[in-house]
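Student: Have a look at this one.
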Amino acid sequence: MMKQVSLVSYQCKFFLLIKLLLLSKTVIAEPRAKTVLTTCGHELEHNTTIFVPNFVATMEKISDEMRKTGFGTAIVGTGPDTNYGLAQCYGDLSLLDCVLCYAEARTVLPQCFPYNSGRIFLDGCFMRAENYSFFNEYLGPGDRAVCGNTTRKNSSFQAAARQAVLRAVQDAPNNKGYAKGNVAVAGTTNQSAYVLADCWRTLDKRSCKACLENASSSILGCLPWSEGRALNTGCFMRYSDTDFLNKEQENGSSSGNVVVIVIAVVSSVIVSVVGVTIGVYIWKQRNIQKKRRGSNDAEKLAKTLQNNNLNFKYSTLDKATESFHENNKLGQGGFGTVYKGVLADGREIAVKRLFFNNRHRAADFYNEVNIISSVEHKNLVRLLGCSCSGPESLLVYEFLPNRSLDRYIFDKNKGKELNWEKRYEIIIGTAEGLVYLHENSKTRIIHRDIKASNILLDAKLRAKIADFGLARSFQEDKSHISTAIAGTL
């Protein structure tokens, strides 16, 4: 159940810092982690209870291989719930750059959920997940070219680009699917056309060549623009007038000792960088906190959890919800799915499950915990705790048996249960909750997402405001606050 203070709070603090670092855009090398294109499937996942752990396990298995070779495949599950995954870094990336690029891909691709498939092309790596075996596919209906549109090049550059692309098509199939190079632009002294081509390592030579021939035809259609990328099912190709290629080590990759040295150096660098980054992060946040009230960073969240004993074990919540069984699903909103759970002592709870945390959803998670843990009112839903050190971020609330107001006012039959007296009480209760947030709480708060689905009803149909992911605090001496447009439907 709930844990007492220091040890768990320290662990939660550590994991929050690491999550925040992994979700940041800061890089320490040139992993070319810019997203070129993300494409999601069209089929909704039919069984999220099985899909989510299978997907996470697939990504973990691939991650282990990426750290060793810059390439990985994984198959997890059985029957229609099987998850197939593939990821590959382009041939000029170092192992360290590759790990960083894969980390970004792994953060972005889950945004395809609740669709059960997707692929993402970054400038340094590729990743794909499906519910069928796609490893031998090399062409598909989603193949396309992405052209630069800022600079038009002359005929001399176009000729050099064509030569570089065609050379890569010939060389790559005989070089484990990888080729890079440059061709000087005639009549110039320091201008070249640069190219990179890479086939996924699951393809044979014939399939690789067919993919690159198709890609070259697409990419050359980008001329006379200064840059073009071909994003194919089985390969990636890019040309540019700027040198985007990473420099490879002159001695090549011999084996054995070199690999050990690389791993040792990379490990040391990662440890050092994480240590320094954590130090810089804490220093910056302490300075920011002096200037800004109500910040929602990981430091403040960890302190909030410690002071309020809000920590839950992930395993406790997993058991309480029967591994997030579909029968316990209460509803789904813009920021997560809510499940009913029963703790070992018989208490009923509601668990909000944020399947995956991109940067924005991580911030919403921190924001919701910070704000709702600092307020208490009869017309606000009560936060019981959270889990932040497991594979997913979870929020735990009091269970309200009548769920949300929208189930009543948009249903003719259930709407009959709300006479005008009850409706009036719900309106007054909601208003009292908002007045408390705006005027009477220690930190003045604006909710920014009031709607029927965020008004929950207890056993006596009393209103309780929920979902504080978009809420913002503001200073006591201010009567207005300006924010970006926010809200969900």
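The backbone N, Cα and C atoms fix where each Cβ goes, and this holds for glycine too.
Heads up, TrEMBL stuff is auto-annotated, nobody curated it.
Note that the coordinates shown come from a computational prediction; the quantities given were computed from them, not determined experimentally.
Features from TrEMBL:
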BINDING   Lys352  ATP binding site
DOMAIN    33-134  domain 'Gnk2-homologous'
DOMAIN    139-244  domain 'Gnk2-homologous'
DOMAIN    324-489  domain 'Protein kinase'
SIGNAL    1-29  signal peptide
TRANSMEM  258-283  transmembrane segment
Student: Report, as a single number, how many Cβ atoms besides its own are within 10 Å of the Cβ of the residue listed as 'ATP binding site'.
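Tutor: There are 25 such Cβ atoms around the residue listed as 'ATP binding site'.
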Student: Just to confirm my parser: what is the rounded mean pLDDT across the domain 'Gnk2-homologous' (139-244)?
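Tutor: Looking only at the domain 'Gnk2-homologous' (139-244), pLDDT averages out to 94.
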Student: Could you give the number of helix, strand and coil residues in the domain 'Gnk2-homologous' (139-244) as assigned by DSSP?
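Tutor: Across the domain 'Gnk2-homologous' (139-244), the residues distribute as 36 helix, 32 strand, 38 coil.
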Student: Quick check on the domain 'Gnk2-homologous' (33-134): DSSP residue counts for helix, strand, coil, in that order please.
Tutor: 43 helix, 32 strand, 27 coil
